Every structure is written in structure tokens, then in C-alpha cells.
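Novice: Quick one: the structure is below, questions incoming.
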Amino acid sequence: MAITSMSERAQNGGMTWNAARGLYMMPDEPEIDPRRKEPAERPPSGPRPFMPIPMVGAGDDKMDVLSRLLRDRILLMGQGVDDEVANLLVAQLLYLANSDQESDITMYINSPGGSVSAGMAIFDTMQFVPCDVNTVCFGTAASMGAFLLGAGTKGKRRSLPNSRIMIHQPLGGAQGQAADIEIQAKEILFIRALLCEYIADYTGQPVEKVEDDCDRDFFMTPEEAKDYGIIDEVLASKMRVPIVARPELMVG
């Protein structure tokens, strides 16, 4: 930046002449290299934009579609299994079982799996409630998602024809002192044995076979999952899907 006298700066409102740029500049205005390219604007980071939940019904009976499905005893597990998902599903299961102990509950599953402890909370509640819990896979049921799919009431476990179902052993890791790592390793082995025993129980497969199959990711088509014993039926017609259709269920 060119050096100017105090009187010249005063005459120009405190600005100084920059010969390279051919203009006056404020003293605190940074020098900009004309060869320097401004960085491209980066896309905004943070959470995805909120996707509005469709509303159904009309007038005083208008509500979001998930609440409308809950009224028909239909639950949706369409994400990874964590404590928040487990708390919601457990609350919904208990509410529906308390309001009607005879009618079935249907749980639609599209989940990559997740927390074992959260999944076991859902599993225990499914076994605890007196009413039957139908399970239907759409998309993917992997890991804990597949475990919960097979945990539905026998004879009422279903899948849509193009779904993928996968079982495997639990994943985990540990760090710290050798004694702490040993404790965590024993816990993972205990959980692995527990899950394999439950899968063997509701599929009718020998525990040894389940353990071998779960040693690595074991993918199945719905037909293969049916032969394995995880599901009982592959839904080929929309007329067989267990969902209550009513005239008032219209998008507002």
C-alpha cells in the first residue's frame, strides 16, 4: 500500500491511495491479491432440512399420518435402532396393549440395525405385551432390525418381495487397560451367544448353524429368510398387506 502524508489522508477522509488497485482504501481495509481466487461458496452444513409429516383426515379429526397409523395399531421402525427409537416403540407397544389386549399390533421394519441394548428393550416388550405383534419388512432389515423382524409372533412375520434381510454377530470395540478390554470382550461374547440362542429358538435352526451364519454378514432374500425361519410369508399382493384402509384416510 502506498504511503501518504497525514494531510493527504485527512483530505481524503482518512483513506490512502493504492496505486496498484487505482483507488482509495481505508487504513484497516485488507490488501487483496488480484491473483487470489475467492473460495467457492460451500454448501451449508448441519442437519438435513425438516421433511414435513403428511397430514390426513379433515376438520377436527386431522392429524399427522404416523398418529393416524398408530390409531390403527400400526407402528413404524424406519431408522437405526437407538435409545430414542426404543423408548418411542416401547411406549407405543405398551399404550396399544393397554388399550386393547386382543387386537394385533403390526410393526413395519426398515432398519439397518443399531444398539443391542436398545433393540433388546424393544424385543422384551414385544414378548411382554399380551397381544400378537405382526412384523413386516420393507426395504432392509439388517442386524438388530432382522432380529426384531424374526421376533414377531410366529405365523405373522412377513416381508415385501424386494426386501433384504441380514444377520451377523454384534459389533464392538474396547480400549484401556488389559483387564477392561477382557471385561468388554466377555460381554460381547455373552451378547453374541444370547442373540444366537434367540434366533435359533424362533427360527428352529440349530444354535451351531446360527453361530456359523452370524460369523460374517449373512444376507438373505425374503424367500431365503422364509426358508431360514425368520419370516413366515412373502407378501406378493397388496391385498395381503395387514393395514386397515378406511375412506376417511385421505391426504389433506
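Each position is counted from 1, following the chain as shown.
Glycine is no exception: its Cβ is also placed from the backbone N, Cα and C atoms.
Pasting the relevant annotations from TrEMBL:
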- SER143: active site (ACT_SITE)
- HIS168: active site (ACT_SITE)
- 32-41: compositional bias 'Basic and acidic residues' (COMPBIAS)
- 42-52: compositional bias 'Pro residues' (COMPBIAS)
- 27-53: region 'Disordered' (REGION)
Novice: Going along the chain, which residues six or more apart from SER143 (active site) have their CB under 8 A from its CB?
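Specialist: For SER143 (active site), the qualifying residues are PRO112, GLY113, GLY114, MET166, ILE167, HIS168.
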Novice: Just counting, how many other CB atoms are there within 10 A of the CB of HIS168 (active site)?
Specialist: 18
